[in-house]
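Undergrad: For reference, the structure I am asking about is given below.
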Amino acid sequence: MKQQVIIFDTTLRDGEQALQASLSVKEKLQIALALERMGVDVMEVGFPISSPGDFASVRAIAQRVKQSRVCALARCVDADIDAAAEALRAADAFRIHTFLATSTLHLESKLRRSFDDAIAMARHAILRARRYTDDVEFSCEDAGRTPIDNLCRIVEAAIDAGAKTVNIPDTVGYTTPYQFGGIIHTLFERVPNIDKAVISVHCHDDLGMACANSISAIQSGARQVEGTLNGIGERAGNCALEEVIMAIRTRQDLLRVHTGIRHQEIYRTSQLVSQLCNMPIPANKAVVGANAFAHSSGIHQDGVLKNRENYEIMTPESIGLPQTQLNLTSRSGRAAVKHRMEEMGYCEGNDFDLERLYQAFLRLADKKGQVFDYDLEALAFIDRQQEEADHFRLEYFSVQSGSSVMATASVRLICGAETRAEAATGNGPVDAVYQAISRITDISVDIVKYQLSAKGQGRDALGQVDIVAEHQGRRFHGVGLTTDIVESSAQALIHVLNHIWRARQVEQERQRLHSPVPSISTSSTH
């Protein structure tokens, strides 16, 4: 009987640490629900002690996710563990994940502790976490550079203290597949109580071997793999879970294990993570890149036409990649739009609001005539982003610009219960619109990143604008999507301003309630 490999997703913890702008609670919840739909066994969704925002995100996800086990990270510190337990309290099933550096380098230069101290700290932390749950995971940070004798000792001690999962991270992506597989093999040979815990691996991609190291670990007996969607994460990123999942599925003959993942959900979950995190997927990215199933060579094209298996080891359908690009027009009704969305795997209510989507569809169809599958997906994504009542909404804008005249913009915004208008000049039409919006809202931001991308094909493509803006030391991500790039730019900035407005409301409410959650700048890349 094939054994199952547990899929542990840390997109919302380790992955989010690498983003230029933190995700909002709503954005994290969207990703968490998509991961649940995809079937991940465990999702690590934050580091509650690190900030009130992370605490709130973990608590919100713990309240909503029912099918996956929700996990939070904590150092081997009592306050960390207590905060994690409090944030997770509402979950049907939860895990506390605590970690400690074990390599000689980290112990001497970072923690200034002996290895015996590390064992004592690990035991204490695991025992404290077990006050709240039987599901405790312990990670040996920088295990890849930890002397093997020491690693065996602390793994045995962690299991003896009650850790149900022991994680062996290659924290800095230093090991090779043969070496890393050997570490896991040695643990199984030398740790006497290893049968009482699941051995997990968490590989980083600094040398481009995170996925290969994870597969090697599976072959040596590891039965949990940690990683992120699209491989996002600190430095060069984490093991890309979609690669490990599809490697397990495609190479059943070699690996003889399976996962509980609904692999048809991989593509759209990957796209959602890319859009919300503002991290485009490289075209040549394995499994989910735009070229993953593309064939340019004449010989390859001929071979694929004769039999797809000549040059495809997996099918686009196996990851849920839509192949048909049916078009709709302004004469199409709600039923047609709903049917097409359902054919692409989206569920009304959970993934889109039909009435809002249909109204956006009609506006787009009036502008460009035909609306394709990728248009509908983009509209549904923007609809999910803007489904909360926004304080700021664009009512009207007009721009005058040319090669020999200064750009001038007139903008009218709905600001809560009132309407305000301003005009401004700028260095180009986008800057002029931004200056006018800034005057209306009286909120000053610095644009850290501005990115324009096409959604669709040819002259009818939609223009998506993603921006990262900084306000009072915090970074916010905004997105806009229309057929007009100036309007998309305006919508992206307004999206940011609504994030800022909501953040102010949350902070005011937190101060009113005198939240006890401490704000500590903390991060980990174990």
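Keep in mind that glycine also has a Cβ here, set from the backbone N, Cα and C atoms.
Sharing the features that Swiss-Prot gives for it:
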{"type": "DOMAIN", "residues": "5-267", "note": "domain 'Pyruvate carboxyltransferase'"}
{"type": "BINDING", "residues": "Asp14, His202, His204, Asn238", "note": "Mn(2+) binding site"}
{"type": "REGION", "residues": "393-526", "note": "region 'Regulatory domain'"}
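Tell me about the setting of these features in this model.
TA: Mean model confidence for the domain 'Pyruvate carboxyltransferase' (5-267) is a pLDDT of 97.
Neighbours of His204 (Mn(2+) binding site), defined as other CB atoms within 10 A of its CB across all chains, total 28.
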Undergrad: Where does His202 (Mn(2+) binding site) sit in the DSSP three-state scheme?
TA: strand
Undergrad: CB neighbours of Asn238 (Mn(2+) binding site) within 10 A?
TA: 31
Undergrad: With DSSP as the reference, give the number of residues of the region 'Regulatory domain' (393-526) in helix, strand and coil.
TA: 45 helix, 59 strand, 30 coil
